[in-house]
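Visitor: Handing you a structure now.
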Amino acid sequence: MVVELLANSFGSSQYRNTSQNNLTAIQIEYRKLTDFYDQFFTIFYWIAGTIAIPMNVLLLYLIIKKSPPSLKVYKVLLLNQCITDLFYALSITFLQPRIIPNKWAFAYVALGPVKYLGSEFAYETYCVQLHSIFYTFLSFPLSFGFRYYVLVRPVPQIKSLIMLLLSLWSIAIFQHVSFIFSEWDSKKVLAYLAINKPHYNMSGLIVSGNHMLEKPMTSFVLATIVLPMFPIYVLVVYFYYKVEGFLTANADKLRAQTVKGHRRLLMALTIQAALPVFTIFPPIGIYGLYHLELINVTVIEYLVYVLFAFYPAFSPMITIYFVKPYNMAIQRATGLYVRSLTQTTTGFISETIGGEKQLEMRRPIMEKLGSSKRRSQKLHRETKESRPLQTHFPDRHST
């Protein structure tokens with residue numbers, strides 16, 4: 001059985017007739033394969049982290065320093081998303097986990113710098129990573145709901161929004177603490193692996209894990225992460241169509257700029273909500289098949305979180321691109337902001353990008369001033385033409 005599993009893992013039939021006496025040789029060969037995978041996928045973790053961490057720090061700066069008054073309330077949600085993504089990026093980059101399904105247990109191998117701090121710290125870092133993923137999903141409907149709320153009701157107070165976020169976070173904190181206390185002893189994890197996967201050579205690796213039967217809280221935590229996904233995305237789709245329907249039905253009553261702004265932010269949220277469809281859901285599905293032993297490909301142990309790692313790299317890029325004040329701030333800083341100057345009749349200069357709104361607001365005043373000036377000039381001409389010619393009388397003292 002073990003030899004058959006190993007043969008499937010390697011994708012070759014050379015081990016099918018290997019006896020149990022040669023298990024040590026198989027472990028050596030298998031360790032060579034996993035060592036290669038360790039080095040190969042670590043590169044992708046560092047690539048994702050090198051992008052994700054600076055991008056989220058940049059976005060954090062833009063939200064704090066470059067948000068206009070119109071984003072005063074909404075930037076609370078942007079900060080919430082950015083900080084969550086930053087914690088996620090930091091935890092997954094320095095942990096670089098490899099997850100090994102093991103019947104009723106899960107083993108987590110730390111490949112990143114966290115491994116030098118021991119299995120206990122590695123497990124706590126894994127909990128932070130899982131907590132960040134869970135809270136990210138919980139927050140998805142909130143941003144969509146906010147866009148609809150401000151269309152039909154007054155903008156909520158910042159205090160109310162913070163309280164709502166804290167309420168959601170309390171759920172995620174409960175899940176986080178529960179998962180911390182569901183840790184299984186690392187020595188027992190290694191012993192369990194040695195029984196069920198004897199061809200694995202785990203010597204020298206930093207391993208932590210959970211056992212669903214020994215630690216029942218593990219099953220509860222995993223259920224709280226997986227089961228809410230469907231209702232969360234139902235809410236996302238619901239609010240998307242409510243916002244889109246409202247904008248379409250009231251397009252003639254709203255300013256064109258307002259409709260454009262809402263649709264731009266809605267597009268950003270939609271793309272961000274769709275990212276897990278490509279970076280999270282597929283590896284979870286493949287991992288489920290691997291855990292059920294329907295497929296046996298070792299590379300899946302790495303792919304799950306490597307793909308996860310790119311989510312916090314793409315998310316801030318989408319926000320910066322679609323939120324115009326942040327986009328413009330980046331363009332100014334990089335010299336891509338081209339200023340086209342237009343001389344107006346009143347002598348003030350308008351930037352073709354930043355000053356269009358100001359120019360549009362001044363245009364009625366300019367037209368009114370121009371009309372008044374033309375009327376004044378016309379009245380002056382008419383008065384001059386209608387004035388009688390003055391008759392010149394010579395000075396009676398003249399000779």
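Yeah, the Cβs are placed from backbone N, Cα and C, and that goes for glycine too.
Taken from TrEMBL, the feature compositional bias 'Basic and acidic residues' applies to 379-399. Sequence annotations record features per position, and here TrEMBL assigns domain 'G-protein coupled receptors family 1 profile' to 55-319. As annotated by TrEMBL, region 'Disordered' applies to 368-399. What TrEMBL lists as transmembrane segment is 43-64, 76-95, 133-150, 162-181, 220-241, 265-290, 302-323.
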Visitor: How about the transmembrane segment (265-290) with the transmembrane segment (133-150) - do they touch, taking at least 3 C-beta pairs under 8 Å (6 or more apart in sequence) as contact?
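Guide: Contact between the transmembrane segment (265-290) and the transmembrane segment (133-150): present.
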Visitor: Check the transmembrane segment (220-241) against each of 43-64, 76-95, 133-150, 162-181, 302-323 and return whichever range has the most CB pairs under 8 Å.
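Guide: Per the Cβ count, the answer is 133-150.
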Visitor: For the transmembrane segment (162-181), could you work out the same-chain residues 6 or more beyond its ends whose Cβ comes under 8 Å from its Cβ atoms?
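Guide: Distal contacts: 76-77, 80, 123-124, 127-128, 130-131, 134-135, 138-139, 142, 217-218, 220-221, 224-225.
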